[in-house]
C-alpha cells in the first residue's frame, strides 16, 4: 500500500485498492499524534500490529459485560437478602439505563485501547533526574493524554453512579429547606463519584508515566495467549484493588480541602441549591460514611480493572511471536523476509519481533537455519547470513561504543574524565575488533537502537557527533557541578607534570607531544593540521568583548546562586542508577542478537555445508570479547552492580531495570556456547594476542 502524498486518490487507484488499505491510509493521515509517521509505516504495521491491537480491544469489549455484572453484584450485595439482591441485579442489568451505560463503557474501552496503541513503546523512557521526570509529566502530549483519561474517568464515574442507583442516581433532587420552601438541590453523592472518576483517571495517567506502564516487554518464556492471560489475571485484580485503595485515600484528602470549589461552581452553573439539613461531604462527618467509602473504592477498582485488562490484552497480543520467512521465491515478497526486515529502517516493534524470531529459529528450527546458511543462485553468495550477521554485529558494536564512552566519562570512583583524553586512548582489543570487522561495518547500520530521544539531549565537549548521552555526561555548564569536577575535567596545561590521562589503578604520565591530533580531526577523519597552521592560529587569539564578559559573569553568579538552593539541587541531580538503566534500555535487542548469533555459530559446526559462518567467525568472536570487556568494566562502577527491587504493586513492567544483568549473563553464555562447540579449533582463528588470551579463559572455564 502506498499512502497518497497529495491527499487525493484517482478513480483507478481507488478501484484497485481494498477498503482495508483506504481505512488505514485515512487513519495514518488524520491522526495528529500517530506513533508511526506516514513515511515510517510499513506492511507489518498495517497487516499485523493494527489487527493485533484490534483483537485485543475486541476481547476487552467482550469481557466488559461479565465484569460489569460482577461490579453490580458487589455494589448492591446485601448479606441478609442475597436472593433479593441477585434478582434486583438481574433486572438492573436488563434495564435501559444499564444498557446505555454499557454502550458508554464500550466507547471508553475503545478509547483506552486506542491510547495504548498510540503511546506504547518497546524501549522504556527512563528519566535520569527529577526535573526530567517532571518534564515528562508536563509534556503537552502527556497533558493531552491526562485530559482524555479525566474525561473517560468522569464517564465511568457516571456509569457507576447510575449502576449503583439509590442516592447516587440523579444529580439534582427536590428538597425542603429550613424555612419550609421546596427547591431543587444538588446531589453531592453523585458529584463526588463524578469528581472521583476524574481524579482516578488523572492519577492513573500520571502513574503510567512514573511506572512506565506504556512499556511493552517481551517475555522470555513463550506461552499461549490464554495461559498468559490466566496467569496475569490475579495480578491485575490485586494491582487494581491496591491502586484503587490509595487513590481513594488521596481523593478524600483532596476533596476535604478543595471540595467546596467544584460544588459551588456546579450549584451556580446548574442553578441548584445546597441542602442545609444534611452534612456536607467535605467535612469529617460527611467523609466518614463507610458506605460512601466502599462505593468509591469499588468504583475505582472497576475503572482500573477494565483499563488494566485492556492494557494486559494489548501487551499479550502485540508481543506474540511472528515468524518471518527467511527467503522468498517471489521478488515482490522480498521485503517481508527476515534479512530484509532486520537491515531496513523499520519501526521498533518490527525490529524487536524480527530479532525475537531470529533467536527462536536459531535454537528450534533446523530447516530455517539451513536457509540462513544457503547460497544465492546464481552467484553463490551467502546473502542471508551476511545481512543477519552484519545487523547483529552493528547492534553489538553500537552498545560497545556507548559503554566505552560512558566509562571514559565516569571513572570507577565516580570522578569524571575528559572525553578528549579518553577518546585518544584505545585498547588493543578495541582497535583489533574495529579492524577485524571493517568489512562488515563499512556501511553504517541502518538503524541504531538507542535509549529514547529524551535521554540523548546533550552532546559531550561540544561534539555533536558524540554518541554520549546527557545522563552519562557531567554537565560542566550546570550550576550544580562541583568545583572539583570542573578542575578535574578542565584542560591540563601541557607544561604541567600532571599532563596526560589518569588510568586506574595505576597512574601514568605522558609527556607533551610536538603536534597533537585534536579530537575533532579524529572524529571526522580529517588529517591533523600542520605545525605552521597551528602556529598561525595561536598567534591570533580571539578576545571576548566586554559585553560577552559581562554576560558570562552574570551567568556564573546565577549558577552559583542556584547551586546553593537545596530544592534546585534535588531536582537537577543526576540519578546514577537511572543512568545505568537508560544505557541498557534497549538491551533486549542485544540479548536476542547474541542468542541468535551464538546458536547459529553453534549449529554451523555440523549444518553449515558451505562454511559461510567460518569466514566471519573472527569478527564475531572479537565483537563479543570486546563487548564482554566493556560490560565487565561497566559493572565495576559503584551503582551498576546493585540490583533494583522489583515493585509488585503496579501494572508497570519493571524488567527493564534488570536488563543489564540479563545481558551480561547472555553474553557470557553465548561465548561459552561457541567455545564448547569448537574447542581447540578456535586456536586456528586469527585474532589479536589479547583476544586470544581472553578466549583462552573461556576455553579453560576460568571466566
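Yeah, the Cβs are placed from backbone N, Cα and C, and that goes for glycine too.
TrEMBL assigns the feature transmembrane segment to one of the listed ranges (33-54, 121-142, 143-164), namely 143-164. Sequence-remote contacts of a segment are chain residues at least 6 beyond its ends whose Cβ falls under 8 Å from one of its Cβ atoms, and for the transmembrane segment (143-164) they are 33, 68, 71-72, 75-76, 92, 97-98, 101-102, 104-105, 107-108, 111-112, 115, 119, 189-190, 193-202, 204-206, 295, 299, 302-303, 306. Long-range contacts of the transmembrane segment (191-210) within its own chain (CB-CB distance under 8 A, at least 6 residues past either end) are made by residues 133, 136-137, 142, 145-146, 149-158, 160-161, 168, 171, 243-244, 247-248, 250-251, 254-255, 259, 262-263, 266, 281, 292, 295-296, 299-300, 303-304, 307, 650, 652.
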